[in-house]
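This report concerns only the one structure given below.
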Amino acid sequence: VAPPQHLCGSHLVDALYLVCGDRGFFYNPKGIVEQCCHKPCNIFDLQNYCN
């Protein structure tokens, strides 16, 4: 498992595509930016945003 990291902007969107794949994801900028850009997040945090 990758260590928690700060993901912002296009890096965050790319990470969501990788983690969620065909399921897609719902993009809630306020929540995920707070969780993954301002603070580091991990792959499990990202999975919470998959559809």
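Each residue, glycine too, has its Cβ placed from N, Cα and C.
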As recorded in Swiss-Prot, which of Cys36, Cys50 forms the disulphide with Cys41: Cys36
Close in space, distant in sequence - Cys41 (disulfide bond), Cβ under 8 Å, 6 or more apart: Pro4, Gln5, Leu7, Gln35
Cys36 (disulfide bond), number of other Cβ atoms within 10 Å: 23
